[in-house]
Amino acid sequence: MIRKVLLSVLLAVLMTINLGQASPEVMKNLCMNYGKAMDQCKQELNLPDSVIADLYNFWKDDYVMTDRLAGCAINCLSTKLDIVDPDGNLHHGNAKEFAMKHGADDGMAHELVDIIHGCEKSSPPNDDKCIKTMDIAMCFKKEIHKLNWVPNMDLVVGEVLAEV
């Protein structure tokens, strides 16, 4: 279950990679593709629009998610993308494959999975998987900021709207 949360964090945020200036571009691609199932998750979980705003604001350096439904949305997206196994654990191969399919090289994909595992281990215990996912996501965001891999969400939204 905890690994599922990490995977969800990876996906929720998982949109990036290529150890250098290309990393924000890779993260943008990861984010765009991670979010493609959002309409389905929004409907299944009856998510309010405020959750979408939470996820949009997620990458802002000083933004802190507080709505547990955002964690639920990340869990839903990760499940839809088969980044977690049937037991809810992070599926390393699928997570790495997802990252590489959307622009990450082997090193970046491996580092993303490692970051999620580190965040999973350092996050406080919580029986509420949605809250646990939010904790892991916030840790993941912090680590991505340290690497300067943060995607430009205005570009992500612009490209998503262009596809619609």
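Just so you know, glycine gets a Cβ as well, placed from its N, Cα and C.
Over in Swiss-Prot, the protein carries these features:
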| type | residues | note |
| --- | --- | --- |
| SIGNAL | 1-22 | signal peptide |
| DISULFID | CYS41-CYS76 | disulfide bond |
| DISULFID | CYS72-CYS130 | disulfide bond |
| DISULFID | CYS119-CYS139 | disulfide bond |
Cα-nearest neighbour of CYS76 (disulfide bond) within the listed disulfide-bonded residues, CYS119, CYS130, CYS139: CYS130
Spatial neighbours of CYS41 (disulfide bond) among the disulfide-bonded residues CYS72, CYS119, CYS130 [C-alpha, 10 Å]: CYS72
C-alpha spacing of CYS130 (disulfide bond) relative to CYS119 (disulfide bond), in angstrom: 15
